[in-house]
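S.K.: Sharing a structure with you now.
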Amino acid sequence: VLIIAVLFLTACQLTTAETSSRGKQKHRALRSTDKYSRMTKHCTPPEVGCLFAYECCSKICWRPRCYPS
């Protein structure tokens, strides 16, 4: 199941990169707004639950919680 999820996410990233490189960006304002909203998302503090390391401020997730760096 994990392998299938990784393959799916990789395919989505490749498709997005290919579309952007061809200049087929239809909603430029929406895309830039989305980019800035992603930049302002907050990370999960230590001792709080996580699933992946990128969620944690310290980038250290040992399930089920974030650890301080």
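The backbone N, Cα and C atoms fix where each Cβ goes, and this holds for glycine too.
Annotations for this protein, taken from Swiss-Prot, read as follows:
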DISULFID  C43-C57  disulfide bond
DISULFID  C50-C61  disulfide bond
DISULFID  C56-C66  disulfide bond
SIGNAL    1-17  signal peptide
S.K.: Which of the listed disulfide-bonded residues (C43, C50, C66) has the least company, meaning the fewest other Cβ atoms within 10 Å of its Cβ?
M.R.: C43
S.K.: What does DSSP say about C50 (disulfide bond): helix, strand or coil?
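M.R.: For C50 (disulfide bond) - judged by DSSP and reduced to three states - the answer is coil.
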S.K.: Fill in the CA-CA distance, C43 (disulfide bond) to C56 (disulfide bond), as an integer in Å.
M.R.: 5
S.K.: Let me spell it out: for each of the disulfide-bonded residues (C56, C57, C61), count the other Cβ atoms within 10 Å of that residue's Cβ, using every protein chain shown. Which one has the most?
M.R.: C56
S.K.: Between C57 (disulfide bond) and C66 (disulfide bond), how many Å separate their Cα atoms?
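M.R.: Rounded to a whole number, the Cα-Cα distance is 8 Å.
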